[in-house]
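*Asks:* This is the structure, below, for whatever I ask next.
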Amino acid sequence: MRPSLRNESDIPVLSGTRLSRRLGLLGTVAFLLPSVTWLLSLSGSYVVEDFACTAAASADAPPSTAALRAILIGSNVVLMAVTLLAGIAGWWLLRKARSSDTDAMYAFFGWTVLAFAILYAFSIVLIGIHPLLLEVCA
Amino acid sequence: MSGGRRSAAFAMATLFVVTGCSGGQQSILDPAGERAESIFGVWELMLALGTVVWIVVVVALGLALVRKGRRVDDDSAEAAQVREAGDGRSVLTVLLAGEVVTALIIAVLVVVSASVLRSLDDADVPDDPTIEIVGHQYWWEVNYPDQGIVTANEIHIPAGERVAIEVSSDDVIHSFWVPELGGKIDMIPGKSNSIWLEAEEPGTYWGQCAEYCGTQHALMRVVVVAHDADEYEGWLATQSEPAPSRPSEEESIEVARGREVFLSSSCVYCHTVQGTAAAGELGPDLTHLASRENLGAGILENNRGNLAAWVLDPQAIKPGNLMPGTDLEGEDLQSLLTYLESLE
Amino acid sequence: MTADSVTDLDDRFDGTWSNPRGFRGFFSVVQHKDVGMRYMVTAFVLFLIGGVQAMFLRVQLAQPENDFLGPETYNELFTMHGTTMMFLFAIPFLEGLASYLLPLMIGSRDLPFPRYNVFNYWCYLLGGLILYSSFLFALVPDAGWFSYVPLSGPDFADRSMDFWLFGLTLAEIAAVGAAIEISVAILRTRAPGMTLNRMPIFAWTMLAVAFLIIVAFVPLIVASVLLELDRAVGTAFFDINAGGSPLLWQHLFWIFGHPEVYVMFLPGAAIISHVIPAHSGRPLVAYPLVVVALASTAVMSLGLWVHHMYTTGLPSLTMSFFTAASMSITLASGLQVFAWIATLWLGKPRFTVPMLYSLGFVVTFVLGGITGVMVASVALDTQVHDTYFVVAHFHYVLIGGMLFPVFAALHHWWGKVTGRHYARRPAVIAFWLVFVGFHVTFFPMHLSGLWGMPRRVYTYEQELGVGLVNLISTVGAFVIAAGVVLLTVNLVISHRRGAPVGVETGDSLEWTTSSPPPSENWRRIPMVTSRNPGWDRDEPVDADTRAALDEAFDARPVEFRATPLTTVLSAEPDGAVLLPRSTYWPLVTPVGLAILAVALLTQWYPLSAVGVVVGIVGLAGWAWRNESEYRVEHVRPLAGRFQFEAHGTRSIGWWAAASASIVIVVAVATLTFSALYLQVNASVWPLEDTVGEPVRFTAVAAALLAGLGVTWRAARQGRHELWDLSRPEVRRAQFIAVAVAMCAAVIALVLLVPLWLGDLDPAAHAYESSVWTLLGAQVLAILAALAMTIAALHARMRHRRDARTGLLLHAAALLWAAAAVSWAMVWMTSDLLPRLVI
C-alpha cells in the first residue's frame with residue numbers, strides 16, 4: 001500500500017465505529033464554551049467597570065452609572081444564557097449516547113459539558129449580581 | 001488517622017481565638033472602632049462556617065477509612081455487584097448534595113462580603129479633619145492640611161468620629177494599617193488612596209507598615225492616639241504653634257546653645273523645625289518632637305537616654321534606616337538633647 | 001525469519017534506544033526519563049536549600065527582638081526562600097515528574113520533542129545558577145518573591161534585582177517550553193485507544209496546567225523584560241513621573257502569580273487522584289466530574305489575580321467580581337475532595353506511606369482552602385492581607401496541596417522509577433514528623449497574623465504578644481526538617497541498597513511496564529481499552545489494529561527511534577513521530593542565553609554579542625542535525641501506513657509551530673494590555689503625536705500578509721501526493737515561496753527597524769517606552785517567521801522529496817500568521833487607539 005499524505009482511510013478505526021466528525025466537534029466546542037463564557041464574563045465585567053471608570057476619572061467626565069450597570073448586567077445575562085445553551089448540547093449528547101450505546105465518548109462529553117454549564121452558570125450569576133449589590137464607579 | 005484529635009485541637013485553638021485571649025498590642029481580634037468591628041463580624045461568620053465545614057470533611061474522611069471493616073451478610077459476587085451499584089449511586093448523590101451545600105455557603109458569603117463592603121463605602125465621613133499620611137522609608141509623615149500641622153509617626157484623632165485619611169507615598173509602596181481600627185490601605189507613589197477610621201474610645205492604637213518596603217520594614221510602626229473632643233482641640237492648638245526661633249526670656253541658656261548646635265549641624269539638611277531656619281524635608285518634622293510618645297517610628301520610648309542613643313547612632317538601633325549617626329560629644333550633645341526636649 | 005536474525009534485530013533495536021553513560025551522557029542524553037530525573041534531582045536539591053533558608057528565618061523569629069540575623073540578611077533569605085521554592089523547586093519538580101511519568105502513563109516512548117525538553121532543563125539549570133551566583137557577589141536579591149516596584153526598580157534596588165530577573169526569566173522560558181512539550185505529548189502521542197475519556201487524571205491535569213503556563217507564565221516573562229528595560233534602558237513602564245504605573249507590575253505579576261499557585265496545586269491533586277485509587281483498590285469515583293473540576297479550577301485560576309490587590313485602592317465593584325471568582329473556585333476544588341473521599345468510602349484503603357501523605361493532604365488542604373475563602377472576602381482581606389495569617393494560608397495550600405502529594409508521589413512511584421523498595425518504618429516516621437511538624441509550625445501562624453504580625457518582618461517587638469506562637473512555629477519547623485532529612489536519607493539509602501521490587505500494580509498504564517522502565521518504555525506499544533489500563537490488562541483488543549501496530553512498533557523500528565501519533569479525541573493511530581537520539585546541540589543555545597545574561601549583568605556588552613552568536617549557532621546546528629535525521633529511509637511509512645510526514649495537524653511539527661505562534665501572540669497581547677492599561681491610567685497619552693506613519697505601517701502589514709500567503713499556498717501544494725514524491729513544479733513553487741517570504745521579511749524589517757531604533761526615546765514617556773518595546777517584539781516575531789522560512793529553504797536543499805519542505809512551509813505559515821496577528825495588535829496599540837484620545 002502506498003498511502004498518500006492526505007488520505008485518512010489508512011487510519012485504523014478503534015472500537016468499531018469512528019467518532020463522527022460533527023459530533024466530535026460539537027462535543028469539543030460545548031466542552032470549551034462554558035469556560036470561555038466565564039472568562040468573558042469576568043474579564044468583561046472587569047474591563048467595563050475598571051477601564052470605564054478610570055478613563056472617565058482621568059478625563060474628568062463621570063460616566064452614566066445606570067448605563068454601565070445595564071451593560072454589566074445585560075452582558076452577564078447573555079453569557080449565562082450561552083453557558084446554559086452549551087449545557088443543553090451536553091444533555092443532547094448524553095441522550096445520543098444512551099440511545100446508540102456505541103461510544104462512551106458521547107456520554108463523557110455529555111456529562112462533562114452538563115457539569116461545566118451548571119458550574120459556570122452559577123459562577124456567572126455570582127459575578128453578575130454584584131452591580132446590584134455595590135455602586136458602579138464608587 | 002488522627003482526624004478526631006486534630007479537630008479537637010482545632011476546636012481548642014478556635015476557642016482560643018474567639019475568646020480573643022491575645023493580649024497583644026494590635027490584634028485584629030480586639031476591634032476598637034466601627035470599621036474594625038464590621039470586618040470582625042465577617043471573620044466570626046467565616047470562622048464558624050469554616051470550622052463546621054472542616055469538621056464535616058474530616059469526619060467524612062474518617063468514616064470512609066473506618067468503613068472498610070463493615071460486616072457483609074451476603075458475600076456472593078452478585079450481591080457485591082448490587083451493593084456496589086447502590087453504593088455508587090448513593091455516594092454520587094451525597095457528592096452532589098455536598099456541592100449544593102457548598103454553593104449555598106458561597107452565595108451567602110459573597111453577599112455578606114459585598115454588603116459589608118457597601119456599608120463601609122457608604123458611611124458618612126466628615127471632611128474635617130482630613131489627615132494626609134505620606135509613607136517614607138521607614139517612617140510616616142502626618143499632615144493636617146486644614147490646620148497646617150505637620151508631624152510624624154503619631155496620628156491624633158478625635159474619638160468617636162469617623163476621620164478621613166488620605167494616603168500616598170514618597171518612595172516605595174507602604175501600607176497603612178492599624179488593626180484595632182480597621183483594615184489596611186496601600187500607600188502607592190503617584191496615587192492617592194483614602195480610608196476612614198474611627199476609634200470608639202480615647203486611647204492609643206498601634207499599627208505598622210504592612211507592605212514590605214525595604215530593610216527596615218519591620219520597625220516602621222505607627223500609633224493612632226484618640227482624644228476626647230477637648231483634648232483633641234488642645235493638641236491641635238499646641239501643634240499649630242511654631243517653635244521659638246530665637247532665645248527668649250523664659251528659655252534657658254542650655255536650650256539656646258542646643259539650638260545653635262542643631263542649626264549648625266547636619267540635622268538641618270533633613271529635618272524641619274518650624275520657625276527656625278531648619279527646613280529639611282527628608283526626615284520627620286521635629287517642631288513638636290518632645291510632645292511625641294515615641295522615637296524612630298514607634299520603636300523607642302521618647303526619653304533623654306533613648307534620644308541620645310538615637311541621635312548618636314541610629315544605625316545601631318534600626319540598622320538600614322536612612323539617618324546617619326552624629327559625632328557630637330559632651331556639652332554639645334547635652335545642649336542638643338535639651339533643645340530637642342524643649343520642642344513641645 | 002530465523003531466530004538469529006530476530007535476535008539481531010532485537011539487538012539493533014536495543015542499540016538504537018541505548019543512551020551514552022557518564023560524562024558524555026550527562027551532556028547529551030535527551031531521553032525523557034533521564035531529563036525528568038535530572039529535573040527532579042536538581043529541584044529537590046534546591047528544595048533542601050530553600051528549606052535551610054527557612055530554618056534560618058525561623059530561628060531569627062523564635063523570639064522577639066532577636067539579633068541572630070540582621071535585617072539585610074533576613075530580607076535576602078526570605079526573598080530567596082520564596083523564589084527558590086516557587087520558581088526553582090515546585091514548578092521544575094512537577095515538570096520533571098511530568099517529563100518522567102507522562103510518556104509512561106500515556107503509552108509513548110518519549111516526549112514528542114526530546115531535544116526541546118533537555119533544552120528547557122538546561123535553561124532552568126543555568127537560570128538557577130545565575131540566581132544563586134548572586135551569593136558569590138554579595139548581591140542577593142532582597143525585594144521579596146513578588147518584587148514590587150518601585151522597591152525593585154532602578155531607584156531603589158541595586159544589581160541584585162538583575163540576578164533575580166535574569167535567573168527567573170531563564171527558568172520561566174524552561175517552564176513555557178515544558179508546557180508546549182507536555183500539551184503536545186498529551187494531545188497527540190497517547191497510546192492507541194486512550195480516548196479522551198480514558199485519559200489518566202494526571203494527563204488531564206498536566207494538559208490544563210500546560211494551558212495555564214502558556215497563558216500565565218508568558219506575562220511574567222514579559223513583566224520581567226519590562227522591569228529589566230526600566231532598570232537597564234531607562235524605559236518608563238513603572239515610572240510614575242513619566243506615565244508609568246507601579247500597579248502595572250502588580251497586575252502582570254499576579255496574572256502570572258495566581259495561576260502559578262494552581263500550576264503547583266493541580267498536579268498535586270492529580271497525584272492524589274492516582275494514589276488514592278491505587279491504594280484503595282478502586283477506580284476514582286466520578287471521573288468526568290473530576291475532569292470538570294480540574295479544568296474549571298485551571299480556567300478560574302486565571303480570574304483571581306485581583307484578590308492579591310484588595311488593598312491597593314481599586315473600586316469596590318471591581319474587587320467584588322474577583323471575590324465571586326475566588327469563591328467559585330471552591331466549588332471546583334470541593335468536587336475533587338468529595339470524589340477522593342467517595343473513592344476511599346467505596347474502596348478498601350490501605351495505610352501505605354503514599355496513602356498517609358494523601359490523607360494528610362486532604363486534612364491540610366481543606367483547611368487551607370477554607371482560609372482561602374476567608375481571604376477572598378475583600379473586607380476581611382484588608383485586615384489579614386500581608387500578615388502571617390496569609391503566610392499560614394499559603395503554606396497550608398502549598399505544602400499541604402503540593403509538597404505532601406509530591407512526597408506521596410515519591411513513595412508511590414519509587415519502586416517504578418528505581419526498581420527498589422524503600423524501608424517502610426522510617427518512611428512512616430518521616431511522614432508523622434513532617435505532618436505533625438507542619439501543623440505545629442503553620443497553625444500558630446494564623447494566630448500571629450490575627451494578632452497583628454505582618455509578613456516579611458525580620459523582627460517584632462515584645463509588646464506585640466506573638467513571641468510564644470512564633471517560638472512554637474520555630475520548634476515545629478525543626479520537626480519538619482527532621483522529617484525531611486529522614487525521608488531523604490531513607491530514599492537515598494534504598495536507592496542503593498533497597499530490595500528489588502516484584503510486580504506492583506496501580507490504576508494507570510505505567511504499571512504495565514517493568515520497574516525501572518526500559519529506555520524505550522515499551523518494546524511493544526500498548527493499546528488501551530479502559531480507563532484503568534493498569535488493572536484491566538486482559539481485555540480483548542481490536543485484532544487488526546493490534547497486528548498493524550505490532551508490525552510497526554513491536555521492537556520496531558530498529559534503526560531509529562519512533563513512537564505512534566494518535567488523534568486528539570479518540571486516539572486512533574494516524575501516524576508516527578521520529579524521535580531524536582542523544583545530541584549536544586540543545587545545550588548550546590541555553591549556554592548562549594546564559595552568556596547573554598552574564599554580559600548584561602556585568603554590563604560588559606561585547607560579551608553579549610558572543611552570547612547571541614552562540615545562541616544562533618546552537619539553533620542552526622540543531623536545525624542541521626534535525627534535517628539529517630529526516631532521511632528518506634527513516635520516514636518511510638511504518639508498516640506501510642503509519643506516516644511521519646502526513647500533512648497539517650497530522651504531523652508533529654505543526655503542533656510545535658502552532659504552540660510557538662500562540663506563545664508569540666500571548667506575549668504581544670500582554671504588551672498590548674500593558675500599554676492600554678498605562679494609557680487608561682495616564683492623564684496624558686501620548687505626549688504629542690503618535691508614531692504612526694500610515695504608509696509605512698500599511699506596507700509592513702502588506703509584507704506580512706504576503707509572507708503568510710505565499711508560505712500557506714506553497715504548503716498546500718502537493719499535499720495530496722505520495723510521501724516520497726518529488727515533482728519539479730512543486731519544487732519550483734516551494735523555492736519561489738521561500739524567496740518571496742524571505743524578501744517580505746527583509747522588507748518588513750527594513751521598514752520597522754529604523755523606526756524602532758530611530759527617533760523614539762524609550763526613556764521619555766511610557767507611551768514611547770511601550771511603542772519601542774512593541775516594535776522590538778514585532779521585529780522578533782518577524783525574525784521567528786524568517787528563521788522558519790530559512791529552515792524550509794534548508795530542507796528544500798537537503799531533501800529530494802517535496803513533503804518535508806511542505807511541512808516546514810506550513811510551520812513557517814503559522815509563524816507568519818503569528819507575526820501578522822501581532823502586527824495588528826502593535827499597530828492598534830501604538831497608533832490607532834492613542835489617536836482616538838488626541
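Every residue, even glycine, has its Cβ placed from backbone N, Cα and C.
Dumping what TrEMBL says about this protein:
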- C:17-529: domain 'Cytochrome oxidase subunit I profile' (DOMAIN)
- C:39-57: transmembrane segment (TRANSMEM)
- C:77-102: transmembrane segment (TRANSMEM)
- C:163-189: transmembrane segment (TRANSMEM)
- C:201-227: transmembrane segment (TRANSMEM)
- C:247-272: transmembrane segment (TRANSMEM)
- C:319-347: transmembrane segment (TRANSMEM)
- C:359-380: transmembrane segment (TRANSMEM)
- C:584-601: transmembrane segment (TRANSMEM)
- C:652-677: transmembrane segment (TRANSMEM)
- C:697-715: transmembrane segment (TRANSMEM)
- C:769-795: transmembrane segment (TRANSMEM)
- C:807-828: transmembrane segment (TRANSMEM)
*Asks:* Mean pLDDT over the domain 'Cytochrome oxidase subunit I profile' (C:17-529): what is the value?
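*Replies:* Averaging the confidence scores along the domain 'Cytochrome oxidase subunit I profile' (C:17-529) gives 95.
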*Asks:* Are the transmembrane segment (C:697-715) and the transmembrane segment (C:584-601) close enough to be called in contact, which here means at least 3 C-beta pairs under 8 A that are separated by 6 or more residues?
*Replies:* no
*Asks:* Which listed stretch (C:39-57, C:584-601, C:769-795) has the most C-beta pairs under 8 A with the transmembrane segment (C:163-189)?
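*Replies:* The stretch I would name here is C:584-601.
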*Asks:* Going along the chain, which residues at least six beyond the ends of the transmembrane segment (C:807-828) come within the CB cut-off of under 8 Å?
*Replies:* 645, 647-648, 651, 653-654, 656-658, 660-662, 664-665, 668-669, 671-672, 692, 697, 700-701, 704-705, 707-708, 711-712, 714-715, 734, 737-738, 741, 774-775, 777-778, 781-782, 784-785, 788-789, 791-792, 795
*Asks:* Hey, which bits of the same chain come close to the transmembrane segment (C:769-795), Cβ under 8 Å, at least six residues off its ends?
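*Replies:* Apart from its flanks, the transmembrane segment (C:769-795) reaches 225-226, 229, 235-237, 242, 244, 619, 623-624, 627, 630, 657, 660, 664, 667-668, 671-672, 674-675, 678, 691, 704, 707, 711, 734-735, 738, 741-742, 745-746, 748-749, 752-753, 755-756, 760, 762-763, 804-805, 808-809, 811-812, 815-816, 818-819, 822-823, 825-826, 829-830.
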